[in-house]
Amino acid sequence: MLLRSAGKLNVGTKKEDGESTAPTPRPKVLRCKCHHHCPEDSVNNICSTDGYCFTMIEEDDSGLPVVTSGCLGLEGSDFQCRDTPIPHQRRSIECCTERNECNKDLHPTLPPLKNRDFVDGPIHHRALLISVTVCSLLLVLIILFCYFRYKRQETRPRYSIGLEQDETYIPPGESLRDLIEQSQSSGSGSGLPLLVQRTIAKQIQMVKQIGKGRYGEVWMGKWRGEKVAVKVFFTTEEASWFRETEIYQTVLMRHENILGFIAADIKGTGSWTQLYLITDYHENGSLYDYLKSTTLDAKSMLKLAYSSVSGLCHLHTEIFSTQGKPAIAHRDLKSKNILVKKNGTCCIADLGLAVKFISDTNEVDIPPNTRVGTKRYMPPEVLDESLNRNHFQSYIMADMYSFGLILWEVARRCVSGGIVEEYQLPYHDLVPSDPSYEDMREIVCIKKLRPSFPNRWSSDECLRQMGKLMTECWAHNPASRLTALRVKKTLAKMSESQDIKL
């Protein structure tokens with residue numbers, strides 16, 4: 001009989017339970033052909049054994065097949081004929097006891113080639129070496145590319161917008177006023193088309209920084225020779241940028257007393273992202289800056305007050321039409337967020353905290369923003385956390401409290417009888433320069449104090465009426481405060497009574 005083995009080849013007969021066993025050889029001497037495995041006493045390449053004859057094929061170190069044959073002793077031959085595989089070595093053995101020199105007829109073959117058989121081969125070593133070298137070179141090139149690109153960006157001005165001469169969407173000679181008028185007459189009323197906004201953003205040249213706040217920086221820039229203001233938001237203030245852009249592009253939002261919106265864009269420069277909001281430029285700056293350096297007469301005071309409340313009234317008013325405008329509350333009114341134009345009128349800016357009222361669903365649309373308003377201008381219901389956040393009118397009345405404080409700032413700078421007070425912030429004499437919630441809560445909610453009036457106001461009719469107006473704006477009870485429309489009408493009557501044309 002033949003006993004064949006290649007890898008884990010079963011040798012012998014099977015028992016009833018399926019287990020393979022080696023047959024018990026006959027107790028006689030068996031002669032076998034031997035090659036490369038001949039003992040010293042062999043004659044004519046013949047050896048003798050009481051076990052098995054075998055023939056084996058295996059692969060040498062160079063990968064060539066080598067055939068050997070010989071005798072296996074009875075002891076341990078069962079295990080040897082099973083030929084337990086050796087890792088990374090190709091080998092096959094066949095055994096027999098049928099007759100003398102029976103292994104002449106055995107022709108074992110190498111087991112099929114497996115990928116792992118080449119792990120230690122010289123060809124694989126060369127391939128591995130080449131692969132590692134190529135990958136290392138590519139990695140070095142990528143690192144060098146990234147490094148030089150980073151250094152190139154570092155050498156550029158921090159806030160420069162690439163001047164890509166893309167005139168496809170903006171014909172030469174078109175001014176910003178032309179573009180805005182065209183969008184109002186033929187568009188949706190929600191601002192310039194997005195593609196035009198992006199083109200303007202690409203073509204702006206940044207000139208100088210003119211301001212800095214908690215949200216980012218303000219730059220004066222130029223587009224085709226026209227001055228514009230570019231508000232550059234910190235990446236942490238993306239929610240404010242998104243909200244302000246959204247509010248400015250609300251249908252029918254444009255108004256002479258709301259800061260004129262031009263464009264918004266996100267500029268990626270590799271190592272950082274810049275959020276741009278481009279608006280009209282007003283060289284007088286904020287009302288806060290203007291009042292610090294400028295004194296007023298009755299006409300200029302009323303002009304500042306009337307134009308400011310006109311912008312606020314437009315914000316607060318819902319417009320019903322096929323393309324209507326929702327009512328909007330500012331939520332961060334202060335003199336630093338109102339700008340002064342060349343003609344002495346004001347416009348309201350910084351709408352990053354604004355809240356909208358959706359009348360169709362009776363829903364208050366509050367921005368997902370961690371930023372809060374300015375503590376000095378917060379009304380009592382915000383300071384003591386009693387404001388009803390689900391009632392839009394609560395936000396409107398909170399704005400009116402803040403506006404009353406702004407009127408006080410303006411009126412103090414109006415000259416009467418040759419006397420004028422220096423500019424001061426509201427509650428300057430009652431709280432520190434950077435008050436805490438507790439500071440403001442104690443003064444506004446607990447002690448119920450408000451900014452004091454100079455004695456001279458009582459002898460000047462215009463200032464006396466202004467004092468009465470602001471008192472009704474900052475009343476402790478929100479329901480008792482005047483609306484923006486009522487303040488606007490009152491200021492118009494005051495101007496008319498003094499023959500002042502606004």
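Yeah, the Cβs are placed from backbone N, Cα and C, and that goes for glycine too.
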Of Cys71, Cys81, which cysteine does Swiss-Prot list as the disulfide partner of Cys95?
Cys81
One of Lys202, Lys227, Lys231 listed by Swiss-Prot as binding ATP at the site of Ile210, Gly211, Lys212, Gly213, Arg214, Tyr215, Gly216, Glu217, Val218:
Lys231
If Swiss-Prot is the reference, give me the range from 1-25, 101-125, 151-175 marked as region 'Disordered'.
1-25
Any idea what the Cα distance is from Cys38 (disulfide bond) over to Cys96 (disulfide bond), rounded to a whole Å?
17
With DSSP assignments reduced to helix, strand and coil, which class does Cys38 (disulfide bond) get?
coil
Closest to Cys102 (disulfide bond): which of the recorded positions Ile210, Gly216, Asp332, going by Cα position?
Gly216
Determine the minimum-neighbour residue: among Cys47, Cys95, Ile210, listed as recorded positions, which Cβ has the fewest other Cβ atoms within 10 angstroms?
Ile210
Inside 10 Å of the Cβ of Val218 (ATP binding site), count up the other Cβ atoms and send me the figure.
20
Just how many other Cβ atoms lie inside 10 Å of the Cβ on Gly216 (ATP binding site)?
21
Considering only the recorded positions Lys212, Arg214, Val218, Asp332, which residue has the minimal Cα-Cα separation from Cys81 (disulfide bond)?
Arg214
Taking the Cβ of Cys102 (disulfide bond) as the centre, how many other Cβ atoms fall within a 10 Å radius?
22
